[in-house]
Amino acid sequence: MSEKFKEFKPTSWAINNKTSIYVLTLMLVLFGWMSYKALPKEQFPDLVIPTFIVSTIYPGTSPTDIENLVTRYLEKNLKGESDVKKITSKSMQDVSMINVEFNTGVDPVEAKQRVKNAVDKAKKDLPNDLPNDPQVIEISFSEFPIIYINLSSEEENLVQLKKYADDAKDKIESLPAVNRVDVIGALDREIQINVDLYKMNAAGVTFSNIEQAVAFENMTVASGTLKMTGMERSMRVVGEFADMATIENLVVSSSNGAQVTLKDIAKVEDSYAEQDSFARLDGGNVVTLNVVKRSGANLLETIDNVKAIIAGLEQGAFPKSIKVTFTGDQSRYTRATLEELNNTILIGFILVTIVLTFFMGLVNAIFVGVAVPLSMCLAYLTLPIIGFSMNMLVMFSFIFALGIVVDDAIVVIENTHRIFNKHKGNMPIAEAAKRAAGEVFVPILSGTMTTIAPFVPLCFWPGMVGEFMVFLPVTIIITLTASLLVAYIINPVFAVQFMSHEEDKGEKLVGAKLRKVLKNTLLFALVSAPFYLAGSVLWGNVVVFLALTYLFYNAYGRIIIHHFQVSFLPALMRFYERVLRWTINGRRPMWLFTSLIGLLVVVIVAVGIVKPQVVFFPDNEPNTILVYTQLPEGTDILVTDSITRELERRVAQVVGKDNPDVESLIANVALNASESSFDGGTKVGNKSKISVNFREVGERTGEPTSSYLPKIRDAVQGVPGAIIKVDKNKMGPPTGKPINMEIRGENLDELVTAAQGLKAYIVDSLQIPGIEKLEMDFETSKPELVVKIDRLRANYNGMSSGNIGATMRNALYGKEVSKYRDGEDQYPIMVRLKKEQREDIDALIELPITYRDMASGTFRQIPLSSVVDLDYVNSYGSITRINEQRVITLSSNVLNGYNANVIISQIERALPTYELPKGVTVGFTGEQEDQQESAGFLGGAMMAALFIIFFILITQFNSLTKPFVILSEVIFSLIGVLIGFMATGMPISIIMTGLGVVALAGIVIRNGILLVEFTDVLMGEGMPLKEAIVQAGKTRIIPVVLTAVSTILGLIPLAIGMNIDFAGLFESFSPHIYFGGDNTAFFGPLAWAIVFGLTFATFLTLVFIPVMYYIAHQGTLKVKRVFSKR
């Protein structure tokens, strides 16, 4: 009868029901894999920040009047809503746009309803003659172009290409995952009725006559049914225009027997609308379709479906002459990112397994290693439940957890092996496994909780950055929790089934053993045959590789590992024992502890002297270089296009013709030309964008893509009146400009003067290097022709401002009066003045205005000039307000090689010497605001994590001194982080390095617990203090080193950017090995922070934790003796 032992009942149940656990494991792997395949794949996570735009149109109203009559009333009601973080308004000519941003965590549906309610409350104060109610539009940060489809042809013109583009657009927009498709660069067919003003006046015809004649003639009317000879026939009157001649001969007026037809007063043309956007690919005209996906949709699946639609059209509806080119394909970048991270996980897993094999032997290493895929499968099952996609942050979480999830399994399996071998076969393996799990459950649970603790506060990260980064802590918590379940439910069952108490003595293979190994290798290799026969070379080669690995391990690996375990490890322990005895002898503990504090002080002082570069998010090699051009407001789109063509030529000269690293060079004018990705398809004729798209990092062969940035900046200079900014794609959440200064006040003239003066002071007087181009977001000289209505004369004649404005708008822009049907397609019929008269102010001023004579009741006409005066002015382009305060913003990018924080600090030091008008203030926002918010949160999160860990340690040890001993390791581990970053010269990222430091806290604490807890056990058994410290160190050195090395090796591939294409390696023996990439650029600072910190912390754990334990214990005894004497 076996002795009573501590038992963890779930483990005992699992061991007693092995078959159920095998089935459960199989189901876990199967459903986990299915869940992984079904998870939406994307490079960056969906961001849900409740943000809305309230859009109000009020034609004929200046920006100042829009602000006073519309914007202020809407803002007043919107600010009263709870959880509103920021209200930004822009009052422009004819339009008020208000951006309402709520705090994260607010339900978007509820937030939208609250915005609508606030708008409804404001309606009573708004002008009565608004053409429409204010519109509330939701902004999704996850809805952005995922692919550009470019149509070009040497035979088809842009009008014909537009037809094919519309066909493609209709089919693509039918996909549930697609939000919209914007068509750029196309010519829209329209039927134009270009009226001659003088002929129309002479004929006594008005625009209303033309509109009514066209609208009432161009229709098919259902006239009912007619019963004839026992049959009912439906009747319809067909009057739709069949051709242009029908429209030309349409009678628009008949007086005294004389008929006036359209061709008498106008020219009817089957033409196209003035082109309002342009698109070019590598210098050639194209029609581009921008496909925008819905939030939460599977990016890879959506793009695959879009490409399938285009492939179908190419084989059917599209002529052979049409060439389709895909650019900006986000699926390529996403697949490359996810494949890189998958390969990084595999590299890390292999390295961790090799290390485990050296320390624990192959069988035990396999038991432990299985915790990695099984924990990930459990996480895969959980992710869709909480609405997560498979993105780079989730994938990194698995990489981070790679070396940690094995920790629990290491302790359980190692303890099982120790107990089983201790009884040399006299104890059943099942009982040994139960006993082992029961013994270590509490310390393992405590260790896992302290590892998870730093990530708990990170789940409450506020703002845009927090919404982006929250995927990381949540996934890590899920994965580490899953590792506990695997370690206590699945690992013991496999150990019971396969663990043997026989030890490998590292003997050479001879005789029967050799024949057995060769036989097993051959049988293993034969398993590959079905894969080869099925055409799966990849998996066939994988099986052969595993067979050869098995042969190598048995022939040589066992011998090497045996030598390592019987020679190197004992030697390491003997050396470590000598070091420990030396450190806790005499006064050395206090000397060493004082030296450690001194080292911390020296490092902090060194950081102040060296001043390593500090950045918000890590910088990356650009995948896309963007050239944004903004010309003065009012610039004709054709002028914008001609300037853009010249800039394209310059950019093309810089990157070079047929550059293998460049995928495409795209130009967009008016549409998709804004610096914001969320412009909602707005067309702005004075803006353009040139995109230089590079191939994926692994395919590049030339110079770094960042080297093109300064060359392109130099090349595009020298365009008079143009604001040209050169930028690049950035990883991470959307943030403002690195340099973003808000000048706030109420007096607009003083604000403009202050902003212009401050800009000149920074650019001309301070001349701070690194600022690309400091620009003001306020247009002070928008050209405008103000039509001032003489209300007395207008009202005398019964005219309203709306009547006058509508007449002028119809004459200039035209009015759609009907539709012209051509087959299944319909095209607008537009009535307007002919082009020459639209551009002649003398003709426009004589435009006839029709009104009803109140005395006679008849309709009369008078020229516009009789009731209006003209005034040529330069006005403000728009007025921006943030939280009800007028604001003008100065912003700029930072040139390569310069640091935004350094530039900002220089400006801040100089600002007190610059005198601002009374009531005008300056604040730094944009990226700086996000940076300060995130830095403050991370500091608070670190304190919260330490408090949680401290509470867990107090609960475990029932002591105050021991938790402080263990927590001190967190503080001192910063020495390794700081030394590492200073020595390598890497910039410190506030977000990623800060995350690494927070995560490091939980990892180093775990190792400290292992050492302190076992020292307590030995002292509890009566062992003297020094001997207990030495023996605990000797016993725990293996798990401490193993935990640290496995974590470090799990992160090293990502830290150094090592990429191996395992699919290519096994399928075609092409591993495509390269170093670097976006993942390394983004996650590198986090990985290196943990590597540097954990390397130094391992030294702390093995040497200084025993020293501090000794000092604390001796100090406690002295305090007790003092109090006992009292």
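A Cβ is built for glycine as well, from the same backbone N, Cα and C atoms used for every other residue.
Curation does not apply to TrEMBL; its annotations are automatic.
Pulled from TrEMBL, these are the features on record:
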type	residues	note
TRANSMEM	341-359	transmembrane segment
TRANSMEM	366-386	transmembrane segment
TRANSMEM	392-415	transmembrane segment
TRANSMEM	436-456	transmembrane segment
TRANSMEM	468-490	transmembrane segment
TRANSMEM	522-553	transmembrane segment
TRANSMEM	559-577	transmembrane segment
TRANSMEM	935-954	transmembrane segment
TRANSMEM	966-991	transmembrane segment
TRANSMEM	997-1019	transmembrane segment
TRANSMEM	1040-1066	transmembrane segment
TRANSMEM	1086-1111	transmembrane segment
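Outside the transmembrane segment (1086-1111) by six or more residues, the chain places 396, 400, 576, 579-580, 583-584, 588-590, 592-593, 596, 962, 965-966, 968-969, 972-977, 979-981, 984, 986, 989, 992-993, 995-997, 999-1000, 1003-1004, 1007-1008, 1011-1012, 1015, 1025-1026, 1029-1030, 1032-1033, 1037, 1040-1041, 1044, 1047-1048, 1051-1052, 1054-1055 with a CB less than 8 A from a CB of the stretch. Cβ atoms under 8 Å from those of the transmembrane segment (366-386) belong to residues 25, 28-29, 31-33, 35-36, 38-39, 349, 352-353, 356, 360, 394, 398, 401-402, 405-406, 408-410, 413, 474-475, 478-480, 482-483, 485-487, 490-491, 494-495, 498-499 of the same chain, restricted to positions at least 6 beyond its ends. Sequence-remote contacts of a segment are chain residues at least 6 beyond its ends whose Cβ falls under 8 Å from one of its Cβ atoms, and for the transmembrane segment (1040-1066) they are 339-341, 343-344, 346-349, 351-352, 355-356, 359-360, 396, 399-400, 402-404, 406-407, 410, 537-539, 541-542, 545, 698, 1003, 1006-1007, 1010-1011, 1072-1077, 1079-1080, 1083-1084, 1087-1088, 1090-1091, 1094-1095, 1097-1098, 1101-1102. It is 436-456 that, among the stretches 436-456, 559-577, 997-1019, forms the most Cβ pairs under 8 Å with the transmembrane segment (935-954).
Residues 400, 404, 407, 443, 446-448, 450-455, 458, 476, 938, 941-942, 945-946, 949, 953, 956-957, 962, 965-967, 969-970, 973-974, 977, 1025, 1027-1029, 1031-1033, 1035-1036, 1039-1040, 1043-1044, 1047, 1086, 1089-1090, 1093-1094, 1097-1098, 1100-1102, 1105-1106, 1109 of the same chain sit 6 or more residues outside the transmembrane segment (997-1019) yet have a Cβ under 8 Å from a Cβ within it. A Cβ distance under 8 Å defines the sequence-distant neighbours of the transmembrane segment (436-456), meaning residues of its chain 6+ beyond its ends; these are 5-8, 11-12, 404, 407-408, 411-412, 415-416, 418-419, 472-474, 476-477, 480-481, 483-484, 487-488, 492, 941-942, 944-945, 948-949, 952-953, 955-956, 998-999, 1001-1003, 1005-1006, 1009-1010, 1013.
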